[in-house]
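First the structure, in the form of structure tokens, and then the observations on it.
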Amino acid sequence: MYQHPEPDYLPPRFLRPAFVQTVLAGLPLRKRGTSAMEEVAQPLMLDCGDGIRTTAMLSENPQGRGTVLVVHGWLGHVDSTYVVSSSRFLFEQGFSVMRINLLDHGDTLHLNEGFFHAAHFVEVFNAIAHAARLAPHGPVSLMGFSLGGNFALRVARHLKDHPISELSRIFAISPVINPGVVGKKIDADPLIRRYFRRKLHRTFRTKEAAFPDLYDVAPMVAQPTITGATEVFMQHYSEYPDAATYFADYAVGLGDLVGCPVPVTAIGSVDDPIVPGEELGTLVKDQNLEIIMTNHGGHNGFFQTLMGPTYYDDLVLRRLTV
């Protein structure tokens with residue numbers, strides 16, 4: 001493992017606060033207008049197995065330097081600002097980009113009757129495997145943010161017994177390691193809690209509208225916290241007895257990445273207000289695992305300037321071009 005507790009990343013003073021970094025990550029201003037990446041984007045349907053589907057957007061680059069599969073965070077989608085911004089950057093460098101919607105995110109809530117959650121790993125793994133097969137150019141890399149970073153690390157773990165031959169490298173940005181702790185951190189901050197509750201309620205209501213005979217989301221929406229809503233959701237619409245059992249099922253264990261057959265780079269920040277950055281540094285060392293911890297960066301931020309490429313954009317590009 002190559003661990004850099006103080007890498008060459010020090011943003012300007014006005015960009016150092018974690019709140020500023022985190023807010024900028026989702027600021028629509030960063031994706032204003034259109035780009036060549038979006039102009040050539042084509043919609044795809046991905047097979048998750050057992051008749052379950054999700055959607056993606058593929059932007060094929062004629063330069064053919066490779067393909068990057070990009071997975072958003074919780075309650076995000078293929079058009080989330082941080083996804084579009086990084087995808088534009090990679091496309092400008094000659095890479096094809098496939099932006100993938102997690103199940104029940106973006107425009108997928110009407111596609112499947114089931115109410116999906118983060119512990120539905122096999123379905124997401126199947127979608128990523130299908131996406132890798134559809135990639136127009138190799139090598140193929142996977143890049144996930146936050147919950148998408150959690151899925152990326154679980155994909156890395158799963159590759160030991162279920163290889164995806166096309167997949168050659170994995171990146172995880174601000175990945176969720178211990179979901180139970182993340183839920184408590186979200187609930188502890190009124191602004192962050194309000195932001196996620198609003199998005200979560202919109203998701204619940206859209207799913208209910210698509211399948212009114214199957215779902216009644218009022219008990220979840222009535223909960224004042226994310227953890228409370230998750231608790232009720234688990235009791236009504238999952239196989240889990242409670243939220244704690246659910247959170248434990250999609251946590252990343254300390255030794256989970258030992259023996260991963262492809263290089264994995266995980267980037268976290270000590271000042272992340274949502275995901276405790278120090279948890280990333282506790283993963284067991286392995287020759288294929290690179291952990292980079294920064295003192296600044298917030299959650300999915302890592303801005304070097306207001307509008308230019310982020311620290312992780314530049315880092316991913318360096319790793320893809322060695």
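Glycine too: its Cβ is placed from the backbone N, Cα and C atoms.
Nobody curates TrEMBL annotations by hand; they come from automatic prediction.
Summed and averaged per residue, pLDDT over the domain 'AB hydrolase-1' (68-302) gives 97. The domain 'AB hydrolase-1' annotation in TrEMBL covers 68-302.
Among the features that TrEMBL reports, active site, charge relay system is placed at Ser146 (among others). Cβ environment of Ser146 (active site, charge relay system): His72, Gly73, Trp74, Gly76, Ile173, Ser174, Pro175, Val176, Ile274, Val275, His299, Asn300 lie under 8 Å away, each six or more residues apart in the same chain.
With a cut-off of 8 Å between CB atoms and residues at least 6 apart in sequence, the same chain places Ala18, Thr22, Ser174, Gly297, Gly298, His299 near Asp272 (active site, charge relay system), listed in sequence order. Per TrEMBL, the feature active site, charge relay system maps to Asp272 (among others).
Residues or ranges marked as active site, charge relay system by TrEMBL: His299 (among others). When Cβ atoms from all protein chains are considered, those within 10 Å of His299 (active site, charge relay system) total 29, not counting its own.
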